[in-house]
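Peer 1: One structure, pasted below without further comment.
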Amino acid sequence: MNSIEKKQLLGLDLNQMEEFLLGLEEPRFRGRQVYKWIYQKECSSFYEMSDLPRSLRKKLDEKARVSIPRVLKQRVGKDGSRKFLMELDDKKKIECVLLPQSRDKKSSYTLCLSTQVGCPIACSFCATGQSGFQRNLKAFEIIGQYLGSKKELSKRLKSPRAELISNVVYMGMGEPLLNYDEVIKSVHMLNDPRGINLGQRRITISTSGEVAGIKKLAQENIQLTLAISLHACDNSLRDQLIPLNRKYPLEVLFPAIEDYIAFTGRRVTFEYLLLDEVNMSRNDANKMVKLLKPLLANLNLIPYNEIEGLPFKKPETAKIWQFYQWLQDGGLNVSIREERGSDINAACGQLRSDYRR
(Lines of atoms letter the chains of each structure in order from A and count residues from 1; the text may use other names and numbers.)
(Lines give C-alpha, C1' and ligand atoms only; values in the text may rest on other atoms or scores of the structure.)
Protein backbone atom coordinates (compact mmCIF):
# COMPACT_ATOMS: atom_id res chain seq x y z
CA MET A 1 0.00 0.00 0.00
CA ASN A 2 1.57 3.30 -1.01
CA SER A 3 1.46 6.52 0.98
CA ILE A 4 -1.36 8.01 -1.10
CA GLU A 5 -3.70 5.15 -0.07
CA LYS A 6 -2.74 5.25 3.59
CA LYS A 7 -5.18 6.79 6.06
CA GLN A 8 -4.12 10.24 7.26
CA LEU A 9 -4.45 10.13 11.06
CA LEU A 10 -3.41 13.71 11.68
CA GLY A 11 -6.64 15.68 11.75
CA LEU A 12 -8.80 12.91 13.21
CA ASP A 13 -10.58 13.70 16.45
CA LEU A 14 -10.55 11.15 19.26
CA ASN A 15 -13.79 9.45 18.24
CA GLN A 16 -12.58 9.12 14.65
CA MET A 17 -9.24 7.75 15.86
CA GLU A 18 -10.97 5.16 18.01
CA GLU A 19 -13.22 4.14 15.11
CA PHE A 20 -10.19 3.73 12.86
CA LEU A 21 -8.49 1.42 15.37
CA LEU A 22 -11.71 -0.54 15.82
CA GLY A 23 -11.71 -0.99 12.06
CA LEU A 24 -8.28 -2.57 12.40
CA GLU A 25 -9.83 -5.01 14.92
CA GLU A 26 -8.06 -3.33 17.82
CA PRO A 27 -9.65 -2.30 21.13
CA ARG A 28 -10.95 1.24 21.47
CA PHE A 29 -8.31 2.25 24.02
CA ARG A 30 -5.62 1.81 21.37
CA GLY A 31 -7.15 4.79 19.59
CA ARG A 32 -6.65 6.88 22.72
CA GLN A 33 -3.02 5.79 22.90
CA VAL A 34 -2.32 6.72 19.28
CA TYR A 35 -4.18 10.01 19.74
CA LYS A 36 -1.93 10.98 22.67
CA TRP A 37 1.23 10.00 20.82
CA ILE A 38 0.31 12.28 17.92
CA TYR A 39 -1.15 15.30 19.69
CA GLN A 40 0.72 15.32 23.00
CA LYS A 41 4.11 13.93 21.92
CA GLU A 42 4.27 15.20 18.31
CA CYS A 43 5.09 11.66 17.18
CA SER A 44 4.73 10.83 13.49
CA SER A 45 6.49 7.43 13.50
CA PHE A 46 4.38 4.49 14.59
CA TYR A 47 7.51 2.53 15.48
CA GLU A 48 8.30 5.12 18.17
CA MET A 49 4.93 4.58 19.88
CA SER A 50 6.51 2.37 22.50
CA ASP A 51 3.41 1.32 24.45
CA LEU A 52 1.78 -0.20 21.36
CA PRO A 53 2.32 -3.88 20.52
CA ARG A 54 4.89 -4.43 17.79
CA SER A 55 2.23 -6.07 15.62
CA LEU A 56 0.01 -2.98 15.84
CA ARG A 57 2.88 -0.65 15.03
CA LYS A 58 3.58 -2.68 11.91
CA LYS A 59 -0.11 -2.68 10.96
CA LEU A 60 -0.36 1.09 11.41
CA ASP A 61 2.76 1.65 9.34
CA GLU A 62 1.18 -0.35 6.52
CA LYS A 63 -2.25 1.26 6.65
CA ALA A 64 -1.85 4.80 8.04
CA ARG A 65 0.34 7.87 8.12
CA VAL A 66 0.88 11.01 10.19
CA SER A 67 1.99 13.82 7.88
CA ILE A 68 3.44 16.59 10.02
CA PRO A 69 4.78 19.25 7.60
CA ARG A 70 8.52 18.95 7.06
CA VAL A 71 10.65 21.85 8.28
CA LEU A 72 12.84 22.82 5.33
CA LYS A 73 14.49 25.79 6.97
CA GLN A 74 14.45 27.69 10.22
CA ARG A 75 15.60 31.23 10.91
CA VAL A 76 16.12 32.62 14.40
CA GLY A 77 15.85 36.35 15.09
CA LYS A 78 17.81 38.41 17.57
CA ASP A 79 14.79 38.49 19.89
CA GLY A 80 14.36 34.71 19.82
CA SER A 81 11.65 34.67 17.15
CA ARG A 82 11.72 31.58 14.96
CA LYS A 83 10.38 31.37 11.42
CA PHE A 84 9.83 27.97 9.83
CA LEU A 85 9.56 27.22 6.13
CA MET A 86 7.47 24.05 5.94
CA GLU A 87 6.72 21.71 3.06
CA LEU A 88 3.33 20.03 2.69
CA ASP A 89 2.61 16.63 1.13
CA ASP A 90 2.02 18.17 -2.30
CA LYS A 91 5.32 20.13 -2.08
CA LYS A 92 3.51 23.43 -1.48
CA LYS A 93 5.31 25.62 1.03
CA ILE A 94 4.07 27.72 3.92
CA GLU A 95 5.58 29.69 6.76
CA CYS A 96 4.71 29.87 10.43
CA VAL A 97 6.34 31.83 13.23
CA LEU A 98 7.09 31.39 16.92
CA LEU A 99 7.22 34.68 18.81
CA PRO A 100 8.65 34.80 22.36
CA GLN A 101 6.36 36.31 24.97
CA SER A 102 9.25 38.31 26.42
CA ARG A 103 12.76 39.25 25.43
CA ASP A 104 14.50 36.95 27.91
CA LYS A 105 14.20 34.16 25.28
CA LYS A 106 13.28 31.72 28.06
CA SER A 107 9.57 32.38 28.12
CA SER A 108 6.75 30.59 26.37
CA TYR A 109 5.90 31.38 22.76
CA THR A 110 2.99 32.55 20.66
CA LEU A 111 2.62 30.55 17.45
CA CYS A 112 1.42 32.35 14.32
CA LEU A 113 -0.33 29.86 12.02
CA SER A 114 -0.99 30.00 8.29
CA THR A 115 -4.36 28.92 6.93
CA GLN A 116 -3.83 29.16 3.17
CA VAL A 117 -1.00 28.75 0.68
CA GLY A 118 -0.73 32.37 -0.37
CA CYS A 119 -3.68 34.71 0.12
CA PRO A 120 -6.57 35.81 -2.12
CA ILE A 121 -7.12 39.15 -0.35
CA ALA A 122 -4.01 40.79 -1.87
CA CYS A 123 -3.66 43.62 0.64
CA SER A 124 -1.41 46.26 -0.88
CA PHE A 125 0.99 46.38 2.10
CA CYS A 126 1.43 42.61 2.60
CA ALA A 127 4.10 40.27 1.22
CA THR A 128 1.87 37.18 1.30
CA GLY A 129 -0.70 38.57 -1.09
CA GLN A 130 1.95 39.56 -3.62
CA SER A 131 2.62 35.87 -4.29
CA GLY A 132 -0.99 35.07 -5.20
CA PHE A 133 -3.29 32.38 -3.86
CA GLN A 134 -2.85 28.64 -4.41
CA ARG A 135 -5.17 26.74 -2.07
CA ASN A 136 -6.71 26.39 1.37
CA LEU A 137 -4.99 24.32 4.03
CA LYS A 138 -6.69 21.29 5.55
CA ALA A 139 -7.15 21.17 9.31
CA PHE A 140 -4.42 18.55 9.62
CA GLU A 141 -1.99 20.89 7.82
CA ILE A 142 -2.86 23.72 10.21
CA ILE A 143 -2.45 21.48 13.26
CA GLY A 144 0.71 20.08 11.69
CA GLN A 145 2.29 23.52 11.94
CA TYR A 146 1.68 23.47 15.69
CA LEU A 147 3.08 19.96 16.13
CA GLY A 148 6.06 20.56 13.84
CA SER A 149 6.95 23.87 15.48
CA LYS A 150 6.64 22.47 18.99
CA LYS A 151 8.71 19.42 18.11
CA GLU A 152 11.43 21.59 16.59
CA LEU A 153 11.36 24.00 19.52
CA SER A 154 11.54 21.22 22.09
CA LYS A 155 14.48 19.69 20.26
CA ARG A 156 16.41 22.93 19.93
CA LEU A 157 15.76 24.13 23.45
CA LYS A 158 16.14 20.60 24.84
CA SER A 159 12.92 21.06 26.78
CA PRO A 160 9.82 18.85 26.61
CA ARG A 161 7.65 21.41 28.43
CA ALA A 162 4.06 21.31 27.24
CA GLU A 163 3.71 25.04 27.89
CA LEU A 164 6.40 26.01 25.37
CA ILE A 165 3.60 27.27 23.10
CA SER A 166 1.09 29.11 25.27
CA ASN A 167 -0.90 31.02 22.63
CA VAL A 168 -1.90 30.53 19.02
CA VAL A 169 -2.84 33.28 16.57
CA TYR A 170 -4.29 32.64 13.13
CA MET A 171 -2.39 35.56 11.62
CA GLY A 172 0.00 33.87 9.18
CA MET A 173 -0.44 33.38 5.45
CA GLY A 174 -4.03 33.58 4.27
CA GLU A 175 -7.46 34.83 5.36
CA PRO A 176 -8.67 32.37 8.03
CA LEU A 177 -12.38 33.04 7.58
CA LEU A 178 -12.17 32.17 3.87
CA ASN A 179 -11.11 28.69 4.99
CA TYR A 180 -13.75 28.61 7.68
CA ASP A 181 -14.57 24.93 8.18
CA GLU A 182 -10.96 23.72 8.30
CA VAL A 183 -9.92 26.56 10.61
CA ILE A 184 -12.72 25.87 13.08
CA LYS A 185 -11.94 22.16 12.98
CA SER A 186 -8.32 22.97 13.84
CA VAL A 187 -9.45 25.23 16.71
CA HIS A 188 -11.41 22.36 18.25
CA MET A 189 -8.38 20.10 17.88
CA LEU A 190 -6.13 22.62 19.61
CA ASN A 191 -8.63 22.96 22.43
CA ASP A 192 -9.36 19.25 23.01
CA PRO A 193 -8.34 18.50 26.64
CA ARG A 194 -7.57 14.90 25.66
CA GLY A 195 -4.97 16.10 23.17
CA ILE A 196 -3.20 19.44 22.80
CA ASN A 197 -5.41 21.07 25.46
CA LEU A 198 -4.86 24.74 24.57
CA GLY A 199 -7.45 26.99 26.24
CA GLN A 200 -9.93 28.71 23.93
CA ARG A 201 -9.02 32.12 25.31
CA ARG A 202 -5.43 31.54 24.23
CA ILE A 203 -6.53 31.37 20.59
CA THR A 204 -6.97 34.40 18.30
CA ILE A 205 -8.42 34.42 14.79
CA SER A 206 -7.58 37.47 12.70
CA THR A 207 -9.62 38.56 9.69
CA SER A 208 -9.34 41.35 7.16
CA GLY A 209 -13.11 41.76 7.40
CA GLU A 210 -14.76 38.61 6.00
CA VAL A 211 -18.25 39.45 7.24
CA ALA A 212 -19.88 36.12 6.36
CA GLY A 213 -17.26 34.35 8.47
CA ILE A 214 -17.65 36.77 11.37
CA LYS A 215 -21.39 36.06 11.44
CA LYS A 216 -20.78 32.30 11.47
CA LEU A 217 -18.11 32.60 14.15
CA ALA A 218 -20.54 34.40 16.45
CA GLN A 219 -22.69 31.25 16.46
CA GLU A 220 -19.88 28.84 17.37
CA ASN A 221 -19.86 29.34 21.15
CA ILE A 222 -16.05 29.42 21.19
CA GLN A 223 -14.41 31.76 23.69
CA LEU A 224 -11.55 32.80 21.42
CA THR A 225 -10.45 36.33 20.51
CA LEU A 226 -11.53 37.85 17.22
CA ALA A 227 -9.06 40.32 15.73
CA ILE A 228 -10.02 42.70 12.92
CA SER A 229 -7.36 44.05 10.56
CA LEU A 230 -8.68 47.59 10.23
CA HIS A 231 -5.81 49.78 8.92
CA ALA A 232 -8.09 52.60 7.74
CA CYS A 233 -11.27 54.25 8.99
CA ASP A 234 -12.77 55.43 5.73
CA ASN A 235 -13.77 53.34 2.75
CA SER A 236 -11.75 55.18 0.12
CA LEU A 237 -8.43 54.43 1.83
CA ARG A 238 -9.42 50.98 3.06
CA ASP A 239 -10.46 50.02 -0.49
CA GLN A 240 -6.87 50.73 -1.55
CA LEU A 241 -5.23 48.89 1.34
CA ILE A 242 -7.63 45.93 1.70
CA PRO A 243 -9.52 45.08 -1.52
CA LEU A 244 -12.02 42.97 0.48
CA ASN A 245 -13.41 46.29 1.75
CA ARG A 246 -15.07 46.77 -1.65
CA LYS A 247 -17.21 43.71 -0.88
CA TYR A 248 -17.67 44.46 2.82
CA PRO A 249 -17.31 48.22 3.38
CA LEU A 250 -17.17 49.68 6.88
CA GLU A 251 -20.93 50.23 7.04
CA VAL A 252 -21.37 46.46 6.51
CA LEU A 253 -18.38 45.30 8.57
CA PHE A 254 -19.12 47.21 11.76
CA PRO A 255 -22.72 46.03 12.27
CA ALA A 256 -21.39 42.46 11.99
CA ILE A 257 -18.76 43.24 14.63
CA GLU A 258 -21.37 44.82 16.90
CA ASP A 259 -23.55 41.73 16.55
CA TYR A 260 -20.56 39.50 17.31
CA ILE A 261 -19.83 41.40 20.53
CA ALA A 262 -23.48 41.37 21.56
CA PHE A 263 -23.86 37.66 20.90
CA THR A 264 -20.58 36.44 22.43
CA GLY A 265 -19.89 39.06 25.11
CA ARG A 266 -16.27 38.94 23.98
CA ARG A 267 -14.03 41.96 23.50
CA VAL A 268 -12.80 42.39 19.92
CA THR A 269 -9.24 43.39 19.08
CA PHE A 270 -8.58 45.80 16.23
CA GLU A 271 -5.20 45.80 14.47
CA TYR A 272 -4.03 49.00 12.82
CA LEU A 273 -0.86 49.16 10.74
CA LEU A 274 0.93 52.48 11.02
CA LEU A 275 1.89 53.54 7.50
CA ASP A 276 3.91 56.72 7.30
CA GLU A 277 2.09 59.56 5.52
CA VAL A 278 -0.86 57.26 4.76
CA ASN A 279 -3.15 56.62 7.75
CA MET A 280 -1.74 58.53 10.73
CA SER A 281 -3.21 62.02 10.56
CA ARG A 282 -5.19 63.70 13.33
CA ASN A 283 -8.25 63.20 11.16
CA ASP A 284 -7.53 59.45 10.96
CA ALA A 285 -7.31 59.34 14.76
CA ASN A 286 -10.62 61.19 15.13
CA LYS A 287 -12.35 58.79 12.74
CA MET A 288 -11.01 55.82 14.66
CA VAL A 289 -12.21 57.17 17.99
CA LYS A 290 -15.67 57.68 16.51
CA LEU A 291 -15.74 54.11 15.15
CA LEU A 292 -14.28 52.20 18.09
CA LYS A 293 -15.25 54.10 21.24
CA PRO A 294 -18.81 52.70 21.37
CA LEU A 295 -17.49 49.13 21.14
CA LEU A 296 -16.11 46.63 23.63
CA ALA A 297 -12.71 46.70 21.97
CA ASN A 298 -8.94 46.84 22.24
CA LEU A 299 -6.77 48.57 19.67
CA ASN A 300 -3.26 47.41 18.74
CA LEU A 301 -1.09 49.80 16.77
CA ILE A 302 1.48 47.99 14.62
CA PRO A 303 4.38 50.01 13.21
CA TYR A 304 4.78 48.87 9.61
CA ASN A 305 7.52 46.39 8.75
CA GLU A 306 8.93 47.50 5.42
CA ILE A 307 8.80 45.01 2.54
CA GLU A 308 11.05 45.08 -0.48
CA GLY A 309 9.20 46.20 -3.59
CA LEU A 310 6.32 47.88 -1.74
CA PRO A 311 6.04 51.67 -1.36
CA PHE A 312 5.00 51.89 2.30
CA LYS A 313 7.35 53.19 5.00
CA LYS A 314 7.65 52.73 8.74
CA PRO A 315 6.89 55.97 10.62
CA GLU A 316 9.33 57.64 12.97
CA THR A 317 8.96 56.92 16.67
CA ALA A 318 7.75 60.44 17.44
CA LYS A 319 4.91 60.09 14.93
CA ILE A 320 3.92 56.74 16.39
CA TRP A 321 3.64 58.17 19.89
CA GLN A 322 1.76 61.24 18.71
CA PHE A 323 -0.83 59.07 17.00
CA TYR A 324 -1.05 56.87 20.09
CA GLN A 325 -1.63 59.91 22.29
CA TRP A 326 -4.46 61.22 20.13
CA LEU A 327 -6.21 57.86 20.39
CA GLN A 328 -5.64 57.55 24.12
CA ASP A 329 -6.92 61.08 24.66
CA GLY A 330 -10.00 60.05 22.70
CA GLY A 331 -10.73 57.36 25.27
CA LEU A 332 -9.64 54.24 23.40
CA ASN A 333 -8.00 51.22 25.03
CA VAL A 334 -4.90 51.37 22.85
CA SER A 335 -1.44 49.80 22.88
CA ILE A 336 1.58 49.69 20.58
CA ARG A 337 2.60 46.18 19.63
CA GLU A 338 6.22 45.45 20.42
CA GLU A 339 8.11 44.50 17.28
CA ARG A 340 9.04 40.84 16.97
CA GLY A 341 10.83 38.97 14.20
CA SER A 342 11.32 41.79 11.70
CA ASP A 343 15.02 41.00 11.22
CA ILE A 344 14.08 37.58 9.79
CA ASN A 345 11.03 38.80 7.83
CA ALA A 346 8.74 37.11 10.34
CA ALA A 347 6.77 40.14 11.48
CA CYS A 348 3.26 41.19 10.55
CA GLY A 349 2.72 41.14 6.77
CA GLN A 350 6.15 39.74 5.93
CA LEU A 351 5.40 36.03 5.42
CA ARG A 352 5.82 34.41 2.02
CA SER A 353 5.91 30.81 0.83
CA ASP A 354 9.66 30.91 0.29
CA TYR A 355 12.82 32.59 1.56
CA ARG A 356 13.76 35.61 -0.49
CA ARG A 357 16.40 36.92 1.87
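From the backbone N, Cα and C atoms, a Cβ is placed for every residue, glycine too.
I grabbed these lines from Swiss-Prot:
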type	residues	note
ACT_SITE	Glu95	active site, proton acceptor
DOMAIN	105-343	domain 'Radical SAM core'
DISULFID	Cys112-Cys348	disulfide bond
BINDING	Cys119, Cys123, Cys126	[4Fe-4S] cluster binding site
BINDING	Gly174, Glu175, Ser206, Ser229, Leu230, His231, Asn305	S-adenosyl-L-methionine binding site
ACT_SITE	Cys348	active site, S-methylcysteine intermediate
Peer 1: Whole-number Å only: compute the distance from the Cα of Cys123 ([4Fe-4S] cluster binding site) to the Cα of His231 (S-adenosyl-L-methionine binding site).
Peer 2: 11
Peer 1: Whose Cβ, among the binding-site residues Ser206, Ser229, Asn305, has more other Cβ atoms within 10 Å than any of the rest?
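Peer 2: Top count of Cβ atoms within 10 Å goes to Ser229.
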Peer 1: Taking the Cβ of Cys123 ([4Fe-4S] cluster binding site) as the centre, how many other Cβ atoms fall within a 10 Å radius?
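Peer 2: By my count, 22.
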Peer 1: What are the sequence-distant neighbours of Glu175 (S-adenosyl-L-methionine binding site), meaning same chain, six or more residues apart, C-beta distance under 8 angstroms?
Peer 2: Thr115, Gln116, Cys119, Pro120, Ile121, Thr207, Ser208, Glu210, Leu244
Peer 1: Across all the protein chains here, work out how many other Cβ atoms are within 10 Å of the Cβ of Glu95 (active site, proton acceptor).
Peer 2: 25
Peer 1: Near Cys112 (disulfide bond), which binding-site residues out of Cys126, Gly174, Ser229, Leu230, His231, Asn305 have their CA within 10 Å?
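Peer 2: Matched binding-site residues: none.
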Peer 1: How does the model score the domain 'Radical SAM core' (105-343) in terms of mean pLDDT?
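Peer 2: Summarising the domain 'Radical SAM core' (105-343) by its mean pLDDT gives 93.
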Peer 1: Near Cys126 ([4Fe-4S] cluster binding site), which of the binding-site residues Ser206, Ser229, Leu230 can be found within 10 Å, Cα to Cα?
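Peer 2: If one measures from the Cα of Cys126 ([4Fe-4S] cluster binding site), no binding-site residues come within 10 Å, so the answer is none.
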